Structure formats: structure tokens, C-alpha cells
Amino acid sequence: MTVAATVLPAGEDAPAYRPRSYQVEMFEASLKENIIVTMGTGSGKTHIALLRIIKELESNPHKLIWFLTPTVALCLQQFKFLSDNIPAVRARTLTSLDKVELWTEQPVWDAILKEMQVVVSTHAVLADAMSHGFVKITQLGLMIFDEAHHCMRRHPANKIMQDFYHPALERHGAEAVPKILGLTASPVVRSNRQELLKIESNLDAVCKTPRTHRSELMTHTHRPHLQQILFTPVLLDDLQVGSKTLKALVSAWTSLRLEDDPYIKKLRKSPLDGRALQKVLESGKTYCNDQLKRFATRSLHIFEELGEWAADYFIHASIEQLKARAGNSADTMGWTDEEKAYLLDIVSKLPIPNIDLTHSDPDRIPISSKFRSLLEFLDTKGEPNFSGLIFAKQRATVSVMEKLLSIHPVTKHRFRCASFVGWSGGGSKDVLGELLDARMQRDTLSEFRTGQKNLIIATDVLEEGIDISACSVVVCFDKPPNLKSFVQRRGRARHRQSTYAIMFATDDESSALSKWEDLEQAMIEAYEDDERRLREAWALEAINEEVVERLEVQSTGAVLTADTAVAHLNHFCAVLPRQPYASNEPEFSYEKDDADLLRGTVTLPSCVHPGVRRIQGQRWWQTERAARKEAAFQAYKRLYEFGLLSDHLLPFKRNLELKETDLTNLPALVEVSEQYDPWVDWACSWSSPDVHQTRIAIKHNGDSRMCIRLTSPTSLPPVEPMTLFWDSETIYTLDFDKPKRMKEIAAESIENMRLATALYLQAASSRQMRPEQDFVTLFGPDLTDLELAEWLNKHAGDEPALEVYSRKDFPTVMGIVRDRSRYNEPMLFKRWVVSGQDDTPIVELECDAVPKRRNLLHRQTLAAKQPDSETPAISSKIRLILAENCTIDKLPYAETIFGRFISVILDRLEATLVATRLCETILRDLEFSSIRHIITAITAPSAQSLTNYQRYEFFGDSVLKFTVSCQLFFQHPNWHEGYLSEGRDEIVQNSRLARAALDAGLDAFIMNKMFTPRKWSAPLISEKISLTPKQRTMSTKVLADVVEALIGASYIDGGFAAAHACIHRFLPEVNLENIDRTTAPMPKDGVTNHTLNDDHLMAHIGYTFTNKSLLVESLTHPSCQFDTTTQSYQRLEFLGDAVLDMAIMSTLLSHPREIPQGLMTKIKHAVVNANLLAFFCMEFALTEKRTNVQVTPTGTVTLNPSTEHIELWRFMRYQGAHLQTARDLALSRHSSLRGSIIHGLKHSPSYPWKSLSQLNADKFFSDIIESILGAIFIDSHGNLAECEKFLERLGLLRYLRRILKDEVDVMHPRNIAQQMAKGEIRFEVLRVPNEGGGGGEDDGATYRCTVKMAGVDGVAVVVEGCLTSEEAEITAAERAVEILVGRGCSL
């Protein structure tokens, strides 16, 4: 699947947006009073309106905002601008395209405006709706007048103000009327001061133009070069030698007989229409007569303006159009069949002109002098990046000029032409001469913006407001009718070194010509005056003003002065967390007092706490330079006082708040203490023993077999039951009774127990026991002291096999058979085999080998093969041994096997004792309900035990990250996300945790030695007492892992309280319990409402915010600069990231099946994948009801209910066209990939890695998921269940459960390929710049991945043309897997 690439990368180098200072100045002025923003075309007036709308939605969300424009085209443009920048706003347009003139019932208007927030319409629509009482002035909270200079005389804009606004203002005061914001580039039409005052009075507003930032305004508005184009006008005689068709048309019209007109004939037939007939005969006006008159007049005008070929084309095309319309039965022009026939008869008699659209000889296309002058001018403007606009007076001229330029040899290969006449009806009632309709110009403006078209011919509809690309050439084919048109058209030429040309006839009256020359001179003088003021400003800036400010930190001697403050402030901002599409530069602005002195204000990036984000200077200065210095000094001083700088007056590079004395990184391997040996303590305890005994009940496949006593010199902790696997069919279960203290025990009894222990150990071994029998731990049968002595006498030692044979003992009471000819090899007795004569029999023993398994804690990996029931199996392990060479132990085999259990019992008992000692020392303040959790947490994987710390370490990692994140977030409300991340990283990094483990002495309790029963020997008192302490080498990662595993064990055993206590034990600086979390750090008061419908959004999220400001903050992107009281979502996203980890961890932990740590890590990596979160963000949509009006051809108005899906991403508050472009391209990819991703998530047995990599969503999509989680967590006072509800509604937890239930394969394709290839595979990803892209970061580069593997000469796989390196790697890996499968490889 091919998906469009994002042209602008969502990386760190993505362009940032920030409102220009003068835009902010005008926005802030609009909050204080009603104003008319007066700025040049292209200087960003609409951005000011956007900021004002957002502010009004926040502060007054229950009233309607009405955006008024003079044209339908401008309505559609402004609506698109608002929808693109505030995508979740409930907005609509009301124009003639909606046939609002037919909405004559109040319920229709009520339904349409219900729950609307912004309406964009023409002035006439609102004026008419108000005049009929459908819309009340009190419903409106803000009215925005685009092109505000129209608010004069009888214009609908002025009607709104005079008939409704001013009367309500006089009667009820300012609270009863909306606020006013006007936008204009030319506040006066006729350059009259009185008109300016009148407009201000009409709009109840004052004109404002940026003053403080005038130089910046001039920087962003480029003045064009004014040029005259002279032409010779058409003489009357030219018509006599010109077009035959035109002359015939004029003749046909002038020679019309009124009596032949179908309308006259109809009136003569009706006696009731005599009066009407008389009126028509006197005026001579009929439908057909008027149509022909206008057609002829337009044709003459075309001839005068463009020439003979143009007039012929216009006439011919119009006639062909008339014929098509006459044959269309669905045409609703209201003319009769007789009138159709009459007009067709007249025009059909005109001579057919010779229209050739493929002429290559310009001389064969007769044109006017005026058009020739235009061609000569355009011929000098054919630069590669040309973009032009030609204004013409009449719609007919526009359509024909576009065709003429498109086919003329001089221009057809140089210009890509289009026409635009707006969306009004124009001459829609004409059946002749109206060659343009709305459908033909639907894509004109967008094609011009993208460069598909580079020359537009338009009427004055493009003078005002319409957002089109800055042009290098603007031509007035007809003189501007007034100053307003002159200024508006001039504003379209905004390219650097652009040209603004006006066409003049050579016989133009000198007074008219001098008027434009005088105006041009006045403009030049005005430009020069601006430049003079700019030079004066630079001269003023050259004044040397000394700013005497100084801050000294006594503890370090660090000094800050006004001269160094700007550089320091720039450095502070430069090291802030970088975000795509957001600027990290400080912004300086200035205000003037009455004495023309300046005071500076600095605004820092939105990630900085609102308390210090905007700082104002304390003094007034003559120069901006001094004001900047002083403002920077005050800002940097406040940053220090706010705790965002170190005592060295530098941004924190290390988290000094942790007050750690040694944060140096440890080497990968360190020398640590040898593992704690509990047998040493027990050996010492035998000198003055406190004897305890516990009874071990042994069951064989569930049936009780025997009981053994374990004797220890000190108290014995509770020992959990053990399961031992003798073979594939035999399982022994060992249950340990509660230990009992023995009051007194005789030395003889101790000695007998040592003998019994030695007997058990020797019975199961072929090795000769050592003579020492001072065992640390003693075992014996469950007998009294007297019975034990008798038992030893009966079962100690062995006897010849022949004696046992002679007694005919039952096999069940026989012991181990030992072959003296083979070094007393132990065998299992099967049966006696007797051969030879009765007087000299040969007695043999059929024996089986004793199982060699020693580590009985693990199941056999391969079950023993079962013999066929009909064919006796002959095992190679069965042997016949002469009885005379054998001895048989007196200890029955049923008791002998216990000797094999002793090593396992002591190994598990040792682990229990180590864990118990750890609980009694380092973890003495923690209470664990089960020692099993501690054993698991301190057992390294290298021990190859039944359990190890890996699962617990996985859980502990999430709990630790979550706890530290919470503490830093609540403890440091002044820290931005960069400090929070750095602080967390320092606390949870392996070197810090390893150091904590060493400082606490935890290293001695980590069990990393593998249990090897064959090398095992029973611990002896004499050996243990003489041991000297040793050291061992251990990985710092193991040390850190055990700390995290103990945290995980604490959480599993006792929840968050236990986990927090465990964390505090190893990391004293982390003490979440002592931090007040009941009151969250709240944003400043002032933003109490979101820009959109909070209630609907919260209902869809599934959580109702007590503090809605948190919801606002969670949706505020770092590029959002207009709200300095709300911090960007980065802090909340930092916290939400940890909350998400906890939610996933909790789900994995609660799953009934115990999931291995490696698989849990893969699952977590898949579920928190940024592209998956982004996909859920794009899918998560609330449904809102809308009402649409449908007008039937008969004029009937019906209301049709509909629903609209509002996705979560639409609620994000942001600024900037580059972010908007990246967002829209990501959404386009989402639309293309949506089906495959949904199928993968719902049905696929594997994770949709490839489809998600192709989505390549910008990070802000996933960020707002995490920031909302953070906001819910804070507002709910740390209730994780509320966060999980949101994740459930989002669909994330539902998919996680499907992964677990259906065992979805989440392994990354690259890892699959590497495992299948046994590591003999190599991936190489290369970024391939687009040759025509200019080589920058946004050059449309693609990625290529090559794969090399063993057994393949050269490159095995090559993948090219991918949008991201991840997509390239995944695609290549999938192809590599296909090759490996073909070879027969498998995982």
C-alpha cells in the first residue's frame, strides 16, 4: 500500500510557530475594548481573529460567535481556516449556497443554531435573519467583521449595527450586546478622515494599528513596485472592420421587431393583460429583448477589451451553451418554450465565426491594443516562480481572457491560467453570455496555492480577504474604482520585489492620470516616512543606556548582570525539552508610556511554569536594547528564585535535589560480598543449641509414604511445601509441620540423629562418605529416642545377598543392591534369578539402575518411553548380577530414597533462611505475608532455580518508575518536563539502584549460584566454623534488578503501601507517603472552561473533572502560545507515561496465567507503541447530533438530523500551519491504513507492526493520550481505576486482553528474523534524500533497508521507498523471514 509521506518531518527540526509580536499586541488590545485591526494584506489579521475566538470560547462559551464576511468565497475560506485550526469547534457556514432566503420558520433557525459555537456568514445573511427576528443580538457574544470598511451607509454590515446593536446598547448597556472585532487593510474607501470616524462610530470600535512593533510589521509586509501599462483605446471605426459575427449580432438586436416577441404575442391573446401589454410596449423591455441586449453589450465590451477573436469566441461559446440549456428539460430558468425557440432562431442565423484554438501564429489571433499591452507586460514576467493575479471588471471578460491566455502562443506554455468570479449568482438569470459557474472554479484557489495554477484572472471578489498565495505580479486590467480597491489589490502583491501594475488608456484624462500619480507619490512618501522613522529608531537604539542590575549568590559567588542576562536566558531556553513545531526561544515585547519610554516583557516557552513564564520589566527605558536587558534580568532572577536554576545560576544538569554524595557510574562488574551462608550461624548455634524439630510428611503420588524429622540448633522459619519429581510418573510431596522447640535433648540422641543422617546420605550414594558426621542439619525417622536407637541397630550397614535370599525377604523391605565387583555400584532389586542344579544352584539378582537424577525440583523434560503392552521391553539398564558378589543394604529402599531428598531440602531451606535473614535485617521494617516472594526476588536467573527475579523485576520497574514520577511531579510543581525526566532517570538508573543495594548490604543476600546436587555435600559444623569471608564478582545490573524485584515483590505482597516502604528503604530520598497528593498542582485561575464542549468530551472520556483546567492543560500542545496561564501538556504526559505503565503492568499481573518476563516485555513494548496509541487517538471519537437543512426544488424546507464524529485529536490546542500540515497528512495515512490496522487488532494472530509503522503518526497524537491519563490521575487524587476506565474506553486494555487470551504474537519482525537465522543476519538502513528536494530535513527523503544473511551471496533483501526507517526495517525483515521459512528454518 502506498501512503503519502509527510512533507514536513515531525522531528526536532520541524518548523515552529509563534504569533508575531504585533499580532499578540492587537489580540491583547481586542480584549480591552472593541477595536478595528488595521494592518496590511498578508500581515496575519485572521490569526488575530483566531486568538480572539479561542479566548471568547474559553471565557464565554455559552454565547454564539458570528464571523461576518462580504462574500461567499470569503465565508468558505474563513470557515476552513477556523476548522483547520480549531478542528473540534462546532461551526458552520450560512450563505446563499444554503438557500437561507427560504428559511422562514423560527424552528429551522433554532435547530440550525442549536449548540453551535461559531457561525460564518455574509453580512446580508445575519442582517436578514435579525430583521425577521430569527437571531437576537443577545444571543451573540462576539461579532467579527472581516473587511470592516464595508460598515457604511446602507451596507448590511451597517444595518446590523444600526438596527440592532446600537439600540440594544442604548437600552440595556454593554452587557446586552456582543463584543466587536473588525479586520481591515483599508479602513477608508475614499481617503477621508470623516469616513474613518464614521466607521469607528458605526462599529462602536476604535481603529488600532500596531505601534510598538511597527518595525516587525514592516518586516512581514512587502510593498510592491507600482507600474503603469499604457494602451491605445479601441476606436468606433474598428468595429466596422472587425468581427462579422459581432456586427451581425448588433444588427440582429437593433432590428428586432417587438411584435415578434413571444411575450408580446402572449399578452395580445389575453384580454386581461391589456395593461401589462401597454406597459411593455412603452418600455420595450421583454425577457428576450433584455437577453439579446445584454449579450450584445457584453460582446461589444469583449471586443473593445480583448479584440476580435475574443468577441467571436464569446459569441460562439454562448450560443452553444444556449443550445445545450434549451435542450435540458431540468433547466429551471423560468423561460417558456416559445422564448427558447425565438432566441435560438435569432442566434442561429448569425454567421459562424472561425474559432481555432490551436493557432501557433499570434498574428492569426486578432487581439485588442489593450490586450497586446498586457501580453507585452507579461512577457517580461515569466520567471520560474511566477504567480500572478489579473483583476477585470466584468465576469465575461474574466472567462474569455482566461481562455485567450490559455491558447495564445505567447502565453499558453508559460502560464497555467484559471478564472475566479466568486460564488454569488452574478448573471445566473442570463441564458446568454454566462460562461462560468461555481463548479468550474471549485478548485481554483487550492490549485493556485499548490502551484498547479500560477495565473488567476478574477473580478474584484479576490480583492478582499480571500487567502491566496502571495503574488509576484498583480495587474489591474481596469483602473481601481476607489482607494479601497487600490489598497486591497496592492496588498495581493506580497512577494519580495513584486509588481503592482495598472492599465491606463493613452487618452485618459490628465486629471485621472495625475490622481494615480499623486497617490503613488503619496504612497512613496509614506514608505519613506516609515523608513525615516525606522532610521530614527535605530539611531535611538544607539543611545548607550546603562542598566545597573546585579544578582549575586553568596554560597557560590555566581553573579548575574543585565549585560549577561539575555545570553543566560537564551541558554536556559535552549536546554529546555525540544518539541516539534514549537519554538524554545524567549520572546520579547515592549509597551510605551506617554513619554515614549519603553518597558520590556519576556515570554518564555509554554513548558515553563505559568508563574514565571511571562515576566515584565520594572523600569521604563529609552531603547529597546535596555528594556530587553532589564526584562531578561528580571526573568532570569525569577527563574532562580523559583527553583529552576542552580546556585551557579545555571540550568540543572544533575538533580541536585536528591542530595546524593556519590552518583558516579559503577563499572559493569563489581566485587561484592559472598552470598550469606546461614549454615555458618547454625554451626555456631550448636555450641549452645536451642533445638527445634519439624516433622516432614512425605507423600508418594498423593499417598502417605513416611514421616521424617528435621532437627536444627535454632529456631526454624516456616518452610513451604515441596514437590519433587522422581521420574515422569512419580511425584513426591513434602509437607513441613510447624517447628517445635525441644526442651531437653540428650547428647546420645544427637549422636543417633547424626548417624541416621549419615545413613540416609550414604544409602543413596555410590561414593564413600567422609568420616566426619558433625552435620549442621540432622534428619531421622519420626521415632522416639529409644525407637531411633533400635531403628539404627536394625537398618545400619548391609549383609550378603545370599543371606537375604536364604531368608526369603519380601522385596519391599530390601535395600539398595551394591555390586562389589563394580565399586559398590548401587542398583535397584527387581527379582531373584536361580539357575543350575538344585544341589548347586546359581543365584543371581536381576537389577535396575538407580535413577541418576539428583535435582528433583524440576520435571523431566522428556517422558520415559512406554513399552508396548504385548511385547516385553528389553531395557539395556536391566542387569543380572551374581548374588555372591553383592551386598544388600539393611535400610529399605522406600526409606533409602529420602537420602536423595536431603540435598534438595537443604537447598530450599537455605534459600528460606537467606530470605528470612534478609527480612530480619535490611527489610526489618517491611512485613511480607509470604517468604516465597522474597526468595523469588533475590534469586538470579543464573541460579537456574524454579523461580527467579525476572518477573518481579518487570513489575518493580513499573512501580518504581510510577512512584518516582509521582513524587517528582507533586514535590516539584515548578519543574518542567525536562527536569522531571532527568530527575527520574537519575533515581531509577541501574548505577543508582546498584549503589543503593551495596550501601544496604543487599549484595550478600543475592542467590546466583546454581544448585548442582552431584557436587553437593552436606554442610558440616567443623567446615562452616572455619570459613573465612570471601568476595564474588557480580553485574551491577543484577544488583539493580534485585532492588526492583524486591519492589515488585512488595507490591504483589502488600500493594502500593508496601512497595513505597520498600522503595524508601533503598532510596531514602523517595518518600511518596510524606508528600501531599490530595491537592494537585493547579494551573492559575482564569482558564476555567475549555474551548469546546467540556461535558460531552468528559462523558466520552468516562471521567468528570473537578478541575477542568487540568483537562485544558492535557490538551495544550507546546506550540500553543496564546494562553500564558496554562502550561503545555508535557508535565502531564510525563506523569501519564508512568500511569500507562502501571495500568498495563496491573493487567499483566492479574492475568490467571503466569506470563514470562520476556513475553511481558514484548507485550508492553507493543501496547505502548506510539503509533498504536496514536491510532487509538485517531479512532476515539464522540458523536454529536447535527441538524441539516434541505431545500427541495419546489422550495420546501426540511430538517434532517445527522450525527458527526468528533475525534479526540480535534480537541488539541495548538498553533502553526506546519503542525496542521503534518497532522492532516498523518490523518490521510490513517484513512488509507485504517481497515488493515483494525483487522489486525481484531483478528490477526500477530501484531500489525508494518501497518502501524506506515501510519508514522506524529508524537502529539500519542502524547495527548498520556497527558489525559496524567490529568485524570491528578484530578481523581491518584485513583488508577479511573485511568483504567479511560484506557478501557479507548480500546487499549481490550486489545491487551486479546493479546493475552489469543496469545497474539507480538515479537518484532526483526527479532523473528534474527532468531530464525540464529543471529547470522544483518540489517542496514539508509536514508535516501529526494534528488529534487533540496537536501534539507524536509526534502521528501525515503528509506532503504538491505539485509545480508549467511548462505546468501551478496544482499538477500532490498527494500526501498519507505517513509520511515522503521517501516523499511520491518518490511525487509518480513521478506527475510519468508526466505528463511523457505529454507526450512523455524523459531
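Placement of Cβ uses the backbone N, Cα and C atoms for every residue, glycine included.
Residues 146-149 are the range that Swiss-Prot records as motif 'DEAH box', among 146-149, 254-257, 658-661. With D1263, E1266 listed by Swiss-Prot as binding Mg(2+), the candidate from E1113, E1133, E1378 annotated for that site turns out to be E1133. For D1263 (Mg(2+) binding site), the nearest neighbour among the binding-site residues G40, S43, K45, T46, judged by Cα separation, is T46. The Mg(2+) site is defined by E1133, D1263, E1266, and by the 8 Å test on Cβ atoms against their centroid, the other residues of the chain that qualify are Y1129, Q1130, L1132, F1134, G1136, D1137, S1262, I1264, I1265, S1267, G1270.
For the domain 'Dicer dsRNA-binding fold' (565-659), the partner stretch with the most Cβ pairs below 8 Å, chosen from 26-205, 915-1055, 1094-1277, is 1094-1277. Looking only at the domain 'Dicer dsRNA-binding fold' (565-659), the predicted model's pLDDT averages out at 88.
Closest in space to G44 (ATP binding site), of the recorded positions given as E1133, K1259, E1266, is K1259, taking the CA atom of each residue. Annotated pair K45 (ATP binding site) and E1266 (Mg(2+) binding site), C-alpha to C-alpha distance, rounded: 35 Å. Comparing C-alpha positions, M39 (ATP binding site) sits nearest to K1259 among the recorded positions E1133, K1259, E1266. Here the recorded positions are K45, K1259, and the one ringed by the most other CB atoms within 10 angstroms is K45.
For M39 (ATP binding site), other Cβ atoms within 10 Å of its Cβ number 22. For E1133 (Mg(2+) binding site), the nearest of the recorded positions G40, S43, K1259 in terms of C-alpha separation is K1259.
Between the candidate binding-site residues, E1133, D1263, E1266, the densest Cβ environment within 10 Å is the one around D1263. Between the C-alpha atoms of K1259 (site 'Important for activity') and E1266 (Mg(2+) binding site), the distance comes to 11 Å.
Secondary structure counts, DSSP: the motif 'DEAH box' (146-149) has 2 helix, 1 strand, 1 coil.
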